[in-house]
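For reference, the structure discussed in these notes is given below.
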Amino acid sequence: MKGRIELGDVTPHNIKQLKRLNQVIFPVSYNDKFYKDVLEVGELAKLAYFNDIAVGAVCCRVDHSQNQKRLYIMTLGCLAPYRRLGIGTKMLNHVLNICEKDGTFDNIYLHVQISNESAIDFYRKFGFEIIETKKNYYKRIEPADAHVLQKNLKISSPGQNADVQKSEN
């Protein structure tokens, strides 16, 4: 299936499309606050279009936790018939490019249902690693456990390592 993949802004005019996509793609339902927040994150939320049809979306937020600036991928998904066409890759690359241009993010992370092997494989291709598994993360879906996948964006500078070596001598 050949086609044109484009990313578009999420606006009050198309937020209902995002809601419908999320209802179909994800086993979890998102509340009104989720969608209100999505309208305020700018480039961190995008609808994905395949030949002008909305088929997927990515929604992220900036998270300041663990004394770090982190990007949290709340949702990234695509309708089943449109998977493996490069749409997820385009959405993830968009988010990674934002982080790279910004230059101040320590890492990017997300939760994935432990049974979702295709998602886990997808993120691993981009350098994400499973850093922990949260028991009973999801309510009302099975399996309820989620892996936390993370990609580190900051490489510790050589100067820091040199200091550590000096103090050991």
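Using the three backbone atoms N, Cα and C, a Cβ is placed for every residue, glycine included.
Annotated features, as they stand in Swiss-Prot:
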ACT_SITE  Tyr72  active site
ACT_SITE  His111  active site
BINDING   Tyr30, Met74  substrate binding site
BINDING   Leu76, Gly77, Cys78, Leu79, Ala80, Pro81, Tyr82, Arg83, Arg84, Leu85, Gly86, Ile87, Gly88, Thr89  acetyl-CoA binding site
BINDING   78-89, 116-125  CoA binding site
DOMAIN    5-154  domain 'N-acetyltransferase'
REGION    137-140  region 'Substrate'
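Recorded residues Gly88 (acetyl-CoA binding site) and Lys125 (CoA binding site) have their alpha carbons 12 Å apart, per Cα-Cα distance. Here the Cα atom of Arg84 (acetyl-CoA binding site) is found 21 Å from that of Met74 (substrate binding site). DSSP gives Phe122 (CoA binding site) a helix state.
For the binding-site residues Pro81, Gly86, Gly88, the greatest number of Cβ atoms within 10 Å around a candidate Cβ is found at Gly88.
Ile87 (CoA binding site) sits 19 Å from Tyr72 (active site), taking the C-alpha atoms as the reference points. Counting every protein chain shown, the number of other Cβ atoms lying within 10 Å of the Cβ of Asn116 (CoA binding site) is 15. Across the region 'Substrate' (137-140), DSSP assigns 0 helix, 0 strand, 4 coil.
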